[in-house]
Amino acid sequence: MQKNIHPKYFEIRAICSCGNIIPTYSTLDQHLNLDVCSACHPFYTGKQRRVNTRGRVERFNKRFSLSIMNSKKKE
């Protein structure tokens with residue numbers, strides 16, 4: 001192998017917003033800040049959060065139906 005062509009690896013910490021710290025190695029020489037990790041992501045924890053989208057769907061349907069009505073009037 002040739003010398004001095006491989007990147008240097010540093011031991012860093014990936015810090016999640018929930019407080020979980022994940023030690024890892026990277027060529028990046030600084031710590032990473034994560035939004036979610038396996039300790040707090042709903043898929044891994046099994047705690048699914050239901051979002052009430054009824055208002056959003058109704059608003060979309062209302063806008064969409066108005067645009068269809070307007071296009072039919074122009075024809």
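These residue numbers are counts, starting from 1, taken along the chain as shown.
In case you wondered, yes, glycine gets a Cβ from its N, Cα and C as well.
Source: prediction; values computed, not measured.
Residues or ranges marked as Zn(2+) binding site in Swiss-Prot: CYS16, CYS18, CYS37, CYS40. In the three-state DSSP scheme, CYS18 (Zn(2+) binding site) is classed as coil. Within 10 Å of the C-beta of CYS18 (Zn(2+) binding site) we count 12 further C-beta atoms, all protein chains included.
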For CYS37 (Zn(2+) binding site), list the number of other Cβ atoms lying within 10 Å of its Cβ atom. 17
